[in-house]
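All remarks here apply to the structure that follows.
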Amino acid sequence: MESLRGNTAQGPTNEEDYKNEGQLSRQTKCPAQKKSSFENTVVRKVSVTLKEIFTGEEGPESSEFSLSPNLDAQQKIPKGHGSPISRKNSKDNSDLIKHQRLFSQRKPCKCNECEKAFSYQSDLLVHSRIHGGEKPFECNKCGKSFSRSTHLIEHQRTHTGEKPYECNECGKAFSRSTHLSLHQRIHTGEKPYECSECGKAFSRSTNLSQHQRTHTQERPYKCNECGKAFGDRSTIIQHQRIHTGENPYECSKCGKAFSWISSLTEHQRTHTGENPYECSECGKVFSRSSSLTEHQRIHSGEKPHECRVCGKGFSRSSSLIIHQRTHTGEKPYKCNDCGKAFCQSSTLIRHQHLHTKE
């Protein structure tokens, strides 16, 4: 049995060593990884042996299973006498079983609530917290709780300001690896989420969901103050700040405050002059991704914003709003000098020049 416990650091390294020494490294390796034909033979035999030791199932070899045809009779392992190795290598074997599931895609751990399956019991335990509402991981700064320790770690970075994930292209840093992955699609142009209705593609699944509501006209998020409905949750949160007057995001350069962090980020580019969004057709650059999207419609001819009254299409939502005033008669822009009203702010500005000339 001592020969089976050979030193892993100085154990045999080739077939000749095995023949001469009759030893076997105790390191458990995965058969799915590439190896020489000799290594594959040894690992396959080790896997069968471990299966017999831990499950009692007999492998394809004889009941008295030898690790190598060159091992003498004293080095053979009789069935039922594997307990010392079992105790010694139980952790190695469990790690091997877990690792092999990556290749087999076997998911034996099934949720009783929703039938979702997992490779490991630990993953099932974490998943079950969705149904039970359990959030055992609490932030010691603000008291917010989470169902996963990884979510707590990510949250704590909002307090520490730590951003360990950096973009290799532009150097921008993020607190979450998922945010970095999403950001990198700006550089690669990858848009894996495609609309089944019109074929338009998006870099984020949330953007696809929001877009699909332009086809369904679904607006599930309703404001309790004014009854206005929205297609996505983030927009209603931003809208509600109109009622509360909350502007939590302040510019460190000029002190101007904003209700939305993306608005602050876009505003800060007026100080830095940064224009990170470039049109692939003509090379024109923009400080906002939305401005680039609207500009690209000049090249594509896309007009996704359609008037429900007359069916006329527009490339910008703001252009549709202005157009709709021709149907409603609304003229929200009024001249302070003569009281004349206009449906567009630009028309009011042109009109006011008449008074200044006078």
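For all residues, glycine too, the Cβ spot is worked out from N, Cα and C.
Taken from Swiss-Prot, the feature region 'Disordered' covers 1-38, 56-94. Annotation source Swiss-Prot lists compositional bias 'Polar residues' at 1-13, 22-38, 63-73. The zinc finger annotation in Swiss-Prot covers 109-131, 137-159, 165-187, 193-215, 221-243, 249-271, 277-299, 305-327, 333-355 and is backed by sequence analysis.
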Using a Cβ-Cβ cut-off of under 8 Å, list the residues of the same chain that are 6+ residues beyond the ends of the zinc finger (305-327) and lie near it.
294, 297-298, 343-344
Among the ranges 109-131, 137-159, 165-187, 249-271, 277-299, the one whose Cβ pairs under 8 Å to the zinc finger (193-215) are most numerous:
165-187
Apart from its near flanks, which chain residues at least 6 from the ends of the zinc finger (277-299) lie with a Cβ under 8 angstroms of it?
186, 189, 266, 269-270, 315-316
With contact taken as 3 or more Cβ pairs under 8 angstroms (pairs 6 or more apart in sequence), are the zinc finger (221-243) and the zinc finger (249-271) in contact?
yes
For the zinc finger (333-355), give me same-chain residues lying six or more residues beyond its boundaries with a C-beta closer than 8 angstroms to one of its C-beta atoms, as numbers and ranges.
322, 325-326
Contacting positions for the zinc finger (137-159) when only residues 6+ beyond its ends and CB under 8 Å are counted
126, 129-130, 175-176
Averaging the per-residue pLDDT over the zinc finger (221-243), what integer do you get?
88
